[in-house]
Structure formats: C-alpha cells, structure tokens
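Peer 1: First, the structure itself, so that you have it in front of you.
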Amino acid sequence: MHRTTRIKITELNPHLMCVLCGGYFIDATTIIECLHSFCKMCIVRYLETSKYCPICDVQVHKTKPLLNIRSDKTLQDIVYKLVPGLFKNEMKRRRDFYAEHPSVDAANGSNEDRGEVADEDKRIITDDEIISLSIEFFDHRAQQQGCTEERQKEEVNNKRYLQCPAAMTVMHLRKFLRSKMDIPPTYQIEVMYEDEPLKDYYTLMDIAYIYTWRRNGPLPLKYRVRPSCKKMKITHPQEGLNNANRSESDSASDKACSPAGVPSTSSPLPSPSTLVQPSQPHFTHISSPINGTTMTSPNRQFNFSKVRKSALNGSSTSSG
C-alpha cells in the first residue's frame, strides 16, 4: 500500500503567497511571459514604474506591460480552498470597504468584487462548517438487480441523516457506526461514496471537494460490513531446514560427547516424552517436563543390572 503523508500549509506557502506584499494571493494574476503570479493590485502598482518581472527580471512588455498579465482564477480557487477562512475574511473586508466609502462606484464590478458572494455560492467549505449527510447500507445485489419502487421506499426508510463538522474524518464515522449498531470487532466497516471505498483519513470536506458535492442535498454516503480477514502465520521452508540441520548437529555433538559405557538413547519404540515433544532430542535417563511439571518415568526403556561407571574429572568412580 502507498503511504499517505500530510503536509503543512506552511510548506506550500511559497506557492501561495505574493512576494510583493508577503500575503496570500488575492485576485491572483499571472505574467504570461514567465508564469509568475502576484496579487492583482500588487503587480499593477509595480508595473506602473517597471516593465520587468519582480522575480526573474524578464521583460513583461516593451511599452504596455499590463497587456501581458492575466487573471488566474484556478490559482485563486486553490488558495481559497487551502487557507481556512481566507475567502470569508476577504468578502467581509470588501463589504466593509464599500459600506465606509459609498461614493466609490462598484456597480460595474461583479458580486465577488463587492463581497456579496457567500461560501456556498463559491463552493468554499470551512473546517468549522456543519455538513448534512445521509448514511445507508450498501447492497450490491440490489444495485445489480435494479431499483424498483419497493426497493426505493426501503432505501428511504433505511437512510439516516446526520449533521457533522466538515473536519470529521471517515474513521470517526466508522467508530460511530460500530458503537451505534453494536458491530463486533471481528467485522470491519467500510464507508463508501457510491461504490468507492473511502480512506480513513478523508474528512467530509475532502469528500465534498473530491466528488464535487454541489450542496443540492445531503452528502450521500454508504457503508458495508464484512468479516475481517485473519492474518495467517507463514513459516518459510528455509527456517524449517535450518531448524532440522540445527537439531541434527546438536544430536551429533551429544553422541560425540557421551561416554563409551553409556548405551545409545535411540530406540525403535517411541517413549511418551518423544510423543509429546517430537522436535527435541530425547534422553531416557533425564526427566522430561510435561505441562510445566517434571515427571520421572518409573518404567524406563533400559534396565541396567549394574550401576554404570562414568569418568568424572578424569577419575573412574564406582558405587556398590
């Protein structure tokens, strides 16, 4: 999966701010010769005394530099959507200006120039805005069979309507659905727009921007519930071979270090301890732990008539 990283608005500031005034673009305007952008008022005032770009010194025009600048609506929309509250504050400043200066003729300007455009008309969504949404169960079989009048009535009855802040994420909505419907943790919930699953880090504002929600109704969301996939533990064959080789080498070293008088522990009949732990080497003269307790088998495989002799510290000892 691709890892998604969030970046801060300060990292984008060099692309969103005017070098002439040091603020965010307002009425972004671009020079067509070099594609550098500025605020409209800033670049118009600058070109009154200069014919060169303030960033790269490219000549804008020999005699009339204002002919080679263009309004950049796309860049301005990006700035308004990325910077919280910028559009609302700018519209308020314009309304206040024309209220304090009624003599200024603004009849020829647009509604945006006069500050009479609301966030809804501009499709600008703020973090603290309340968004209405509808949530319903996603039934792929019903979509394949087609919608009848009865199914449409059922869908209307199964819809639930919520009012949530625009900054709420899909993860919060999933947690709300799980707690509301008592869905056990063995099932996973997917929130969807139409038939496309949504990422957990998407906010309602992101969904509205990505899928161009027009505010002509509640934001339509769906959800589905399905069992969680269990993760299977995969053992690599290489590890098994290494373990087998390791056990063989251990058993070989044990045989090499054993005294000559001690009989071999290998036997054609399996002992109970070997049935319990088949992967470990078994020694009949050593008590084996079973279920955390040490047990000594009374009936050993090998019955010694005499006590064996073993070399201890280079000397032979025997007990009668």
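Just so it is clear, glycine is given a Cβ too, placed from its N, Cα and C backbone atoms.
If you look up Swiss-Prot, you'll see 81-95 marked as motif 'Nuclear localization signal', on the strength of sequence analysis. Per Swiss-Prot, region 'Disordered' is recorded for 234-320. Annotated compositional bias 'Low complexity' per Swiss-Prot: 262-281, in sequence order. Here Swiss-Prot flags 285-304 as compositional bias 'Polar residues'.
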Peer 1: Grab the same-chain neighbours of the motif 'Nuclear localization signal' (81-95) for me: Cβ-Cβ under 8 Å, and only residues 6 or more beyond its ends, written as numbers and ranges.
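Peer 2: For the motif 'Nuclear localization signal' (81-95), the nonlocal Cβ contacts are 9, 12, 16, 24, 26, 112-119, 122, 124-127, 209.
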Peer 1: How does the motif 'Nuclear localization signal' (81-95) divide up by DSSP, counting helix, then strand, then coil residues?
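Peer 2: When I sort the residues of the motif 'Nuclear localization signal' (81-95) into the three classes, I find 12 helix, 0 strand, 3 coil.
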Peer 1: I'm checking region-level scores; what's the whole-number mean pLDDT for the motif 'Nuclear localization signal' (81-95)?
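Peer 2: The predicted confidence over the motif 'Nuclear localization signal' (81-95), as a mean pLDDT, is 89.
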